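According to Swiss-Prot, the protein carries these features:
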- 748-763: compositional bias 'Polar residues' (COMPBIAS)
- 339-344: region 'Cytoplasmic region required for homodimerization' (REGION)
- 743-772: region 'Disordered' (REGION)
- 6-28: transmembrane segment (TRANSMEM)
- 101-122: transmembrane segment (TRANSMEM)
- 160-180: transmembrane segment (TRANSMEM)
- 373-398: transmembrane segment (TRANSMEM)
- 425-450: transmembrane segment (TRANSMEM)
- 462-485: transmembrane segment (TRANSMEM)
- 510-538: transmembrane segment (TRANSMEM)
- 567-587: transmembrane segment (TRANSMEM)
- 589-606: transmembrane segment (TRANSMEM)
- 625-647: transmembrane segment (TRANSMEM)
- 654-674: transmembrane segment (TRANSMEM)
Amino acid sequence: MATLKDIGVSAGINILTAFIFFIIFAFLRLQPFNDRVYFSKWYLRGLRSSPASGGGFAGRFVNLELRSYLKFLHWMPEALKMPERELIDHAGLDSVVYLRIYWLGLKIFAPIAMLAWAVLVPVNWTNNELELAKHFKNVTSSDIDKLTISNIPEGSNRFWAHIIMAYAFTIWTCYMLMKEYETVANMRLQFLASEGRRPDQFTVLVRNVPPDPDETVSELVEHFFLVNHPDNYLTHQVVCNANKLADLVSKKTKLQNWLDYYQLKYTRNNSQIRPITKLGCLGLCGQKVDAIEHYIAEVDKTSKEIAEERENVVNDQKSVMPASFVSFKTRWAAAVCAQTTQTRNPTEWLTEWAAEPRDIYWPNLAIPYVSLTVRRLVMNVAFFFLTFFFIIPIAFVQSLATIEGIEKVAPFLKVIIEKDFIKSLIQGLLAGIALKLFLIFLPAILMTMSKFEGFTSVSFLERRSASRYYIFNLVNVFLGSVIAGAAFEQLNSFLNQSPNQIPKTIGMAIPMKATFFITYIMVDGWAGVAGEILMLKPLIIYHLKNAFLVKTEKDREEAMNPGSIGFNTGEPQIQLYFLLGLVYAPVTPMLLPFILVFFALAYVVYRHQIINVYNQEYESAAAFWPDVHGRVITALIISQLLLMGLLGTKHAASAAPFLIALPVITIGFHRFCKGRFEPAFVRYPLQEAMMKDTLERAREPNLNLKGYLQDAYIHPVFKGGDNDDDGDMIGKLENEVIIVPTKRQSRRNTPAPSRISGESSPSLAVINGKEV
């Protein structure tokens, strides 16, 4: 169990580590050869060019201006200068609202921390319960635990202070959540009203198109929307299964990179000896061949395969999926279609807003809609087992990441680890580092599971993965660490007391686990966030590409991939800190300052990254905010329930029942916010759509909208390549055509002429009129 000294050692090491990271970053960002890495967003926007530094040849690589090194922390105030409105124009609403999550954490926990330290810390400190428990009940504790609720004796009237503070914390948190929800909802509506024209504003994704023996999918979609949306339908683009073609294109890109590498190597060496490669595993074994000739042949072979596969996709109706992107003449019409049921059979002609083209995850559009339910059921079961079986290794690793655990596994290290500094280092750092390393591959696993489920947009994939990551953190990182840690640390006490005393021991031990979370926050939230700004992985990849693949300035531009925020990993991390802060605020207030440092540091670091580095892959107009709000509410309810359970073990029978109202109030508040603000995030108001359409018609009366939308939702592998014969894949309707193409013999429900029959079938009214 970490002591105050251990916490101090851990804090010193993590602060020093963060400071070193900032110094290294300050040096690297000033060097001209790193400029594209640390200011990549400005290069992508065409607003920055390679810095011209004096000093001749050396000045191209090293910044020789010594005065610039004296302002190594100047980037911090610079990151805070850009106004929010300008930042939205620069980086998008998603990035700005993501930053507001950190700001929300500061607004919630700063007043809570001051109130908790002013009221609860004196109440907890001025007792001697833990001293008595240490002597008479053999319960392990340290001086730092005297600041927790565990130091208050059972049945004490002092628990009223914690109950009153729980109400105060809940009211303040709910108030800030409501204000923030209202602000973000207004920002979203204003952003949607002011943003420029985008293809997704006019387009819906139609899925589960029913099969028809007489018409192709394209003809059927065209006919259905000409009949049911005759005044508003504009064009459509059927979805095809181009996954194999995309794999071939990706393979060709990799082969071309190797060819560029060997050609560049041969040219730069000025040697008559041509580069050699081996055909075996990873080029380490097998027959030796001329590398340049080999990769030229492989690229040519793959190009032929791509051409053949492209023809198959274009001409084979089996590659056409029962889905289509349908575009309308107005945003109003698209909103009506996306938000209504199209037929009396609710399982067919399913419509939803189309994601913007860059947000589409194209491989999943080829998944049959009928298989999605089974896929999601399988992944839910897999996630259940992943979550709950992960508790065992996490508990085991954490049990070893202690002095007692190491001495048990490796007794020969006892002499070393019993030294004061080494002991403090282990107690203050090892458990947090072990947990962080244990979770390093989890985001990739969860993202793979989300992709298997078949979601069609990158934004929704990230939100789904973030949701699962949050649940995993809740069950394993929080509950698993608390329960397993308490059980291991109090094992001796568990074995030497009657069973009815065990809940009391757990109730006393849970607040003590705050010391572990303090060390974890410093490792993950202090040093980890500071390390984010270094961007070591993108930096290394850029320089490797620059050294071995870059031949032109365009190659140099493509060599840098700045990445994006990473909502699927960043948001669950933030939510873990919300959970820890709300749970431990009335129990162990000492944890709150560490959380405040995280929120403040992360806000500055990520604001800098959003301004200078990250290039967001999509823009969802803050559609993720209901998830953020819901998870903070979940954390608030968990904190209330745990406090009720904790007071129950403390025999605070007269005070504990007064907490029952808190979850009820919180759930009622959540339902109010859900009804009041959530519609702005799941539906597009028809009034807003009509206003935007009216303004656009007034400003651009001659806009060729069909030309703008015609190719917006073509699969990326058909754009910019050779032999792009995708004419059969694009709707060729003209605005004036009102004829409905069909191969059917009868069309009694079609109010427009058929190309086959030459005239429309008589309506029921006409038939009745003739009979009369």
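Any Cβ shown, glycine's included, is placed from N, Cα and C.
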- prompt: For the region 'Cytoplasmic region required for homodimerization' (339-344), what is the mean per-residue pLDDT, to the nearest integer?
  reply: 94
Task: Establish whether the number of Cβ pairs under 8 Å between the transmembrane segment (160-180) and the transmembrane segment (462-485) reaches at least three, counting only pairs separated by 6 or more residues.
output: no
- prompt: When DSSP states are grouped into helix, strand and coil, how many residues of the region 'Cytoplasmic region required for homodimerization' (339-344) land in each?
  reply: 0 helix, 0 strand, 6 coil
Message: Does the structure show the transmembrane segment (589-606) and the transmembrane segment (101-122) touching, where I'm treating 3 or more Cβ pairs under 8 angstroms (sequence separation 6 or more) as a contact?
response: yes
Query: So which of 101-122, 373-398, 462-485, 654-674 has the most C-beta pairs under 8 Å when paired with the transmembrane segment (567-587)?
result: 462-485
Message: Against the transmembrane segment (510-538), which of these stretches has the most C-beta pairs under 8 Å: 101-122, 373-398, 425-450, 462-485, 625-647?
response: 425-450
